[in-house]
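A quick write-up on the structure given underneath.
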Amino acid sequence: MTTVRQRRVGKGTEAAEDQPSEETNVKPDGKIPPGPPGGKLWNILSVTVGGIVAVSLGLLTSVYVATLHENDLWFSNIKEVEREISFRTECGLYYSYYKQMIQAASIQQGLHGLVYDNKTESVRTINILERMNVYQEVFLSILYRILPIQQYLEPVYFYIYTLFGLQAVYVIALYVTSWLLSGTWLSGLLAACWYITNRVDTTRVEFTIPLRENWALPFFAVQIAAITYLLRTHLQPAQERLTLMAIFTATFLFSLMWQFNQFMLLIQALALFILDCLDMLPTAKVTWLYIIQISGLLLVCVLQFFNSVILGSLLISFNVSVLIARTIQKNLKKGGLINRLGKLILHVLLVLCLTLLINKFIKKILNLESDEHIFKFLKAKFGFGATRDFDANLYLCEEAFGLLPLNTFSRLSSTLLFYVYGFVLFLLTVAAVIVAFRNLSSGSNQVQLKEKMEEYTVTLKPDAAYSLVHTVLFGCLALSTMRMKYLWTSHMCVFASFGLCSSEVWKLILKCLHLYTSQRTQVIKYSIPIITLLYISFKFWPGIMDELSELREFYDPDTVELMNWIKSNTPNTAVFAGSMQLLAGVKLCTGRTLTNHPHYEDKNLRERTKQIYQIYAKRSPGDVHGILRSFGTDYVILEDSICYERRHSRGCRLRDLLDVANGHIMDGLGENEPDLKPSLYPRFCEEIKKNLPSYTMHFTRVFQNKTFHVYKLAKHK
């Protein structure tokens, strides 16, 4: 069991500081007149200072998480095997491909080993570049080989420093997004400070370094910043083209680096669809964003050797359906309120039906079943019938895929983030409802509507409208699935800081209170954020310093002993079976062949894993031996932490999931479903330790410590 113990001693721009109204200060030819020379100089100075602050905060965040990682594990002092064990579960699997590329005789041989891999899944040859999102490991390993840094920097440090460096990109992107929304870089400063002080809920990069989301989310943040800029009015054609290129690049990189890309982009597409239907975004720009999403995903599909999971994604089906439905319903945005509502309902139904039909057709043609476990999980999670499906229950019983814990909100409230976020969310939601109703009521008189915008008390800019719907949809995702909270909490920092520093928000509040003056708005716009920053600094700076001074070290002697034994006492061609999480470490630390692994996005692998896990079920030794040998297994590793698991409650322990899937009664006191029956055999992982003849004829114990038991399989049929 991996633990950490106390270390022993001696071993946009401020240029838009107040963004001009979207419709004011515009000449009849559509050009914005130049301001006074002094104002231009101030804008340049402000942009320069804001940019320096952004880069500085990004670099400080990188150093901060890198220092936490070092202090928590004493990474610079521990052995290589301990460093590799610290990359837990699927993190170790991904890092193993980087290590494999580094150790290959040449780049060509390294790539060949990934395309024709026969060590990740025994008795099968798979294409790693097709199945997994590991192009970042490939690129980084090639970069390490060609740069003259081998003498100065170990491969593992090149890897982790790159990930920590991406945190700088992440923070800068959040800073810029908030700056663009509010018009002042003070908002970006507040967003970055909130991101850092709420680190427990905004990132987990310091202890899950190779996780796919740590590669992908910085580029998703860059994409959101670019979309925020695109949704501004009065962009020049060259600016718009460059922004679209930036969005495409960021979307492509995000999609390339995370297997859950299609679901995140689908939520983004839903946000665009809602806002387009309500006339809150320019239709032409929304169309470009749909096309960029499709083209980015298709390019990833090509790079992943035409991965069928991507082709069968709901995102592609949805975006294509929206474009088709829009072509069919050309007069969607004309008519009165009732007429438009009727058209809108019909449009939504048409898009929904087309999405399901296109998706079902693609999956039928491609015979695609790789993502069915996700839909089984969603069906069970939201109460559409109980399930005995092993894969769905495996997700349901994991805390990371459960509801967002309530203590999350108390932590976010301690920094004032959640209070400010809730206030801004309520205010802008009310504004959005008013604006949407006004847009739907205006019918085809959009030109007159734009001319009268200044007469309205309540307005909502397109970039703010997108940010609002984005945070609402990703908030719903985070509330339903805790693992996805990092997509929401980081944008929460942006949204709250934007609201606190926005002239439009304070103008609306003061007008509603009949207290509005431009001078009062400016004073509040700057004073409230500065007071908030001072509060955060005084309250959390001592805690951050204490955190940085706390020294611990990595401590997992049982796993280290196991890995060293495997390297010293088993042949390089040996095949190991065991839990997915442990086997990822076996591959990384020893290079041995595996029967299964944690990358769970393949139907055959899921079925194989369920079969391998019969070692923790109530099965006969002959059955278990036959199953393991069918996958070429030479050694099986049993873990006491799984066999005698207490982390989960009854019904969610791995052995319980296996019992229910096999139709057997669960262990312990409690209810069982009426059709479950007692097993004819005792639990394999417990009974094998008694060295009974029926077990020893198939299995010979060759290693054991307090945590692990390794058995060698007899080769007879």
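Note: Cβ is positioned from N, Cα and C throughout, glycine not excepted.
Those TrEMBL annotations? Automatic predictions, nothing curated.
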Feature transmembrane segment in TrEMBL, mapped to one of the ranges 253-274, 341-362: 341-362
186-203, 312-329, 384-401 - the one TrEMBL records as transmembrane segment: 312-329
For the transmembrane segment (341-362), sequence-distant contacts whose Cβ falls under 8 Å of one of its Cβ atoms, 6 or more beyond its ends: 273, 277, 311-312, 314, 316-318, 320-322, 324-325, 328-329, 331-332, 335, 368, 440
Outside the transmembrane segment (486-506), six or more residues from its ends: residues with CB under 8 Å to it: 18-19, 170, 174, 177-178, 181-184, 186-188, 190-192, 194-195, 198, 201-204, 213, 217, 220-221, 224, 264, 412, 417-418, 420-421, 423-425, 427-428, 459, 461, 464, 467-468, 470-471, 474-475, 477-478, 521-522, 524-526, 528-529, 532
Same-chain residues near the transmembrane segment (416-437), Cβ under 8 Å, at least 6 residues beyond its ends: 194, 198, 278-280, 409, 458-460, 464-465, 468-469, 471-472, 492-493, 495-500, 505, 508-509, 532, 535-536
